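According to TrEMBL, the features are:
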SIGNAL    1-26  signal peptide
DOMAIN    25-164  domain 'Bulb-type lectin'
DOMAIN    167-290  domain 'Bulb-type lectin'
DOMAIN    339-421  domain 'Apple'
TRANSMEM  450-473  transmembrane segment
DOMAIN    458-761  domain 'Protein kinase'
REGION    740-761  region 'Disordered'
Amino acid sequence: MKTEMKLLLRALFLSLSLCLLPFAASEIQLGSKLVVGEENASWVSKNGDFALGFFNVPDLPNRFSVGIRFNSQSIPSDQRRVVWVAGAGVSVSDNASYFEFTSDGDLVLFDSSLGVPVWTSKTNRFSVHSVSSVFSSVSSALLGDDGNLVLLNGKEEIVWESFDTPADTLLPNQKLKAFEMLRAASESSRSSYYSLHMVGSGRLELRWESNITFWSSTNHEAVKKRDKVSAVLTPEGALLVSHQDITKPVWSVFGEDHNDTVKFRFLRLDRDGNLRMYSFQESSRSWRTVWQAVENQCRVFATCGSQVCSFNGSGDSQCTCPYNTFASKCLTPYQKLSCKSSFRMVTFENMELYGIYPFNDSVVSPISSLRCKKMCLEDDACTAVTYKNDVEKPQCLIKLTRYVSGYSDPSLSSVSYVKTCLDPVAVDPSKREVVGTVTKKSHSVCLSCLLGVTSTTFVLFLALQVGVIVYVYKRKKKEAVKRAERVRNPKGVVVFSVDEIKEMTNDFEDNIGPKMFKGVMSENELVLVKEIEGALTEERKFRSSAAKIGTMHHKNLAKLEGYCCERGKRFLVYEYAKNGSLLDHHAKNLTWRRRNDVCLSVAKALFYLHSECREFVSHGSLNLGNILIGEEFEAKLTEYGFGSCAADKDVEDFGKMVLALVTGGYEEEWVYREWIEGRGETVVDRSLESGFDVEELERVLRISFWCVQVDERLRPSMGEVVKVLEGTLCVDPPPPPFGCVKSSPSNSSGSGQSLYESVRE
């Protein structure tokens, strides 16, 4: 009787609360489930304007994500845009995968092909397992008429809401709070480079690779309390940046149809890197762009990747490769090692170029056009230059990478010069001519011999042709099966068997590092196969982690092509790295500049894992052996995403890795003693032949010793580490990181010192 009374009171309370909620909504009961492929499987808002359900992932056949989209009957079905996606880029297979509002209050996206959840709202931690705490746990879910999915407890308090976890879109009245971001939708299973950040100072910033800002809003007022700012799209069609303590917006912009009667609007960070405001036009029954952050699309950083952006006759932007039309990738043609003879500079009028991997163009000013071109010719590392004379002082922008992007337009006065080899070019087979001479001679002919030779030759030729056809057919069939298998698996990450791994590596024949092997996939694609300890990772967790890693992308993270998880074995298949692991190179072939670049690259990769992903991701086992060195000696991190440690463990491992890389492996306490007593130069790896930068060495050693502090509370974040290595933050000498080390009295600063007290801008 008491139980029935409680249920009755709860139902009465719920009905009253629904009347008081600031939005109309459609309640979703505990235990509700949406299954991929089921007809009309969706949860719909009360007014019918929004629906939550599965949808096909673009570019990935047979893959599905779950999200909220427009559902109004006034919007054509092909115009019903997705406005929120669970887990951003997470997707599942079409084989009985489902999205469930579980009985313990969790939203769970389950991939049946992997047998594990690939995303959860993590709201069951709010549950209190007590009979008396009726209103403590999540009790219901509601999809509001504003498109917000909320989870409520027994007191009708919001425990979780989709408005707090935006993907690439903001709906009216949805806030982007301080230090939060939008990330553009992934494309062809790759996470986007583009993100929109709500910076604590009150600015909105569009970024590429998280550290290159190519657009920002301009504040009208200075902001002091940085955690109180937020951006919001108003129902009237304005984008505002507001502060809780300031009445008027600190920044605002208005759409073309501001204050017009428009029922549906949204703000989205599009795949091309531009931020746009959209309104639905009832007359045309389509969406119209009413504002965009960057008016000239070609001014969006790297909008064409390593190609050049221009506009066609229709005024639409297009991407072309003006200097390397025959290669599979659009890279500048000059390579120092492959250029056997001389080289020249090819001129491209009305074109600006800039390096993107890395983005480190050096600028020389003032300078003449001839001198700019000559500087590149005389520099073995230079691949191209851009001469700009539309500024106060003419500039020469020097590029040291083959990964170059740019903008071409007749209105530009800039001129770019691209270095090209003058090596001899092989004869074009299509123009090859065979010249022969025929001499007429009179000989007697054996007719029977001629017939015998002809018939024998014909039989052999026929047998050979049949054999070739059978071989080609079997090979194409096998490759087709592999390609199909690649499509069926999540995020383009292939699931291999142990036998396939053995075949790929020719039974582990080519060992290129500790438990690291060279392999060849179908279509002769080189890969790197790495075996990891199976006992350390439970199978379901391993598969779930591999699926999540498929959504990550950063230039300093090795791309995961596939994995193997069977018979107690664990293999990871990564993109191939020509120069193996850092363990093979830390004592040879790496100059001081390259070692310093490796430290910064690894720091950026860890910062991305800790702060730029949708959820915190740890590495857990960082060392020289799981850092790969690519063709251009760029560092790429492997084995990320499978650990479960705290951030400070990664920071400590990073400090130890840097010390090993810089010193060549000297004992850490000895290194600290030498440095603190003023003999820092003695700790540098003696295999370095070209010297080192004393200021950079000091900076690297200081931040490394902060990273390895025994008291983990003193360790910096990876964001601070990146800034120190870039030279944008200064850091004081750290206290002794090891309990048994004693520094000289003149250098002791007290073990209670904090990095936050000693770091200053």
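Each Cβ is built from the backbone N, Cα and C atoms, and glycine gets one as well.
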Across the domain 'Apple' (339-421), what is the average pLDDT of the model, as a whole number?
91
DSSP puts the residues of the domain 'Bulb-type lectin' (167-290) at 3 helix, 62 strand, 59 coil
Residue counts for the domain 'Bulb-type lectin' (25-164) under DSSP, helix then strand then coil, are 9 helix, 61 strand, 70 coil
